[in-house]
Every structure is written in structure tokens, then in C-alpha cells.
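Copied over from TrEMBL, here are the features:
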BINDING   37, 38, 39, 64, 80, 84, 233, 237, 238  L-histidine binding site
DOMAIN    57-323  domain 'Aminoacyl-transfer RNA synthetases class-II family profile'
């Protein structure tokens, strides 16, 4: 999908985050915007091409007019890696697969301990309804609840009452629910809740959540999954299950609760989004997940710094080096053979570099091997292969 969209395509899909959309204008004065995520353009693509069934991944740049915090991996231009399943399927099967994929990726990257929080917009809306919140305030209340991972309940409560105009009683009532988290036992408990079980939306959401946890149990991943009522995801387009993966970091060993170091992936179900772009309003149910690549990179970089490990910025396997002058031709011939054989090779772009400088370059960039051709090697028809780390050499 293109980098720019008409502004009206993106407006009204992101709740309070709409203010973070980069707005542009072309020569003809048409109002355009840079894409904020890969989800809305995907939904638009499905609608325009009348596609009702698709499973896809997409890695591309998105743009947010945010205050960057580069140390935490927050940028104005960054990559997202999205995976989505679109189509009419039986409940919670594709949703469970999305969570399985997040679990697999975060496990394979070995980023340390992580937790995937799961909730459902219908359960939240049910909670708001029984707490007496008018429907017109659901979405703004949602984006306040979403701040619970960054702010204590007291601050969230005062924003609800002070800025969003909820009554203190309603806010306290919401607080009783949104501070709950657990697994299947909590779902069962809420299904028995006298008020919540009377709410049609909440009951639907809890039924699906129970089903989801049954599938996640079969996938063997419930150990890393928490049903968390404080999870709200501030975007408008979610309609059902929502989830977010956070990395945990135990600051020191005697801390009971591990500390979250921020969200690295998030997603959910957005069944109404494709219909917004279809002239006839035809809906295509979708569920998807987005992984923040820069977030993960910044965490990996910090870890490597802390452990004193060098970050390799090149995949070069071997540096072609010469110990004497006037041997550029020998280097060019040898590197050409290596390239033709599919070996990642490099050489310094100097006619007569000093051997020490060439070996130092290997150490600085982490190139493991140096292939050395001097006059003696040329005479003998061999190449001296040097292991840069151990300094062992073999002639071949």
C-alpha cells in the first residue's frame, strides 16, 4: 500500500492518537497523510480489491508525529512488522494463531522474560456500561484506562473524573474491574459476576475469551499469557480481542513483581474496518498483530552494551588482505573468486594498505577471517587463512 493516503482515510480510526498523524498537501492542494500503521492501509486494500480471505505479513515504515524517545526505541519514522488473518472463520481460531506467532517470535529472539496481556473490547464496554458510563464516553474512557501500564490507578482515576467528566463513583466502580488480571479462573469468575453476566456484550466477550484460553492451552503457551482487564489499546478500530506483549525485567532478584520495559507488540480484532472503505459496507472480519522492530533493536543494543559484546554491523565472512606493496591485482583476483563463489568478502579500498591496519579493521568490525596473499603465497600458489581472534594461520 502507498506511503500516503487521503487524510479522510486515516482520520477517525485512531482515537486520541489522531493528533499524531503526519498531514501533507500535494501541489493540487489535496490533503494527504503519511500512514500511521499498516493496518488501516491493509483494510483499505482488502475493500478496494474485494478480497474476503487473506493471510499476510508486511514489514514497512510508518510515521508518527510524536515526541521521539530514541533510547526507548520511540521514533517518528520506524518499521513495523505486521501479520494479519482476514476472513470469516469460526471464533478465536485465527486469534489464537496470532498469539502463538507473537509467542514464537519473542521466544526465538531470546529477549528475556515476556508477558502477553489479553483483553476484549466487548468486556471493557460491558464494564463501562454496568458502571453507568454513557456510550458516547466509551472510547475516551478506553484511552484513559489504556494508561494504566504507565500511570498508577490514582492518576488514571483523577483523569477520568477531572478531564473525562466521569463521576467519582463510576470511576471507583471501573477501578474494581480494571485492576483484575489472571487466567481461566478469572474468566469463570466474571462469567458468574451478577452484573457483568447480565450484559450481552461482556458475556459474548467472556465466552470468546474462555474459548481463546482453551486453544492457547492446546498450543501450550498460557504460561506467558495474562487476561488483563486494564488492557484497552487506545485505537478506535478494535472490536473484540486485543493483546499486547511486554518485556519483563527483574531489576534485582529480591523484587516480587518483574518490571515491564514497554510494549514490543500489539494487536487485536478489527471486524468493522474493511467495511468502512467498502462502498456497500461489506465487512471482512480481521485479526492481526504488529511487532515494533526498533523497540526490539534498542533493547538488544542496550543488552549488548551492558554485556560488553560488540554489535556486528556487517555479515562479511573474510577480508582479503596483502602484507606487501604492489599486490592490489592479487587482491582483486582473489576477492572476485570469493564473490563468484557466494562468499561475503571485503577488502580495503587502498592500493597499499599496511597489514596491521587490515587486521585491525577485521577486529573493529568483527570479521572472523583474513585471507592473506603475499609474494611468497603467490609463488607457492596458496592463500594464508588467518583466524582473527585466535591468530592461528593455515595455508591452503
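Numbering starts at 1 and runs along the chain as displayed.
Glycine is no exception: its Cβ is also placed from the backbone N, Cα and C atoms.
What TrEMBL says about a protein is an automatic prediction, not a curated fact.
Here the structure is a predicted model, which means the values were calculated and not measured.
Taking a C-beta cut-off of under 8 angstroms and a sequence separation of 6 or more, residue 37 (L-histidine binding site) has the following same-chain neighbours: 62, 80, 82, 290. When each of the binding-site residues 39, 80 is scored by how many other Cβ atoms sit within 10 Å of its Cβ, 80 comes out lowest. Looking just at the domain 'Aminoacyl-transfer RNA synthetases class-II family profile' (57-323), the mean pLDDT is 89. Binding residues for L-histidine (37, 38, 39, 64, 80, 84, 233, 237, 238) extend across at most 21 Å, taking the greatest CA-CA distance.
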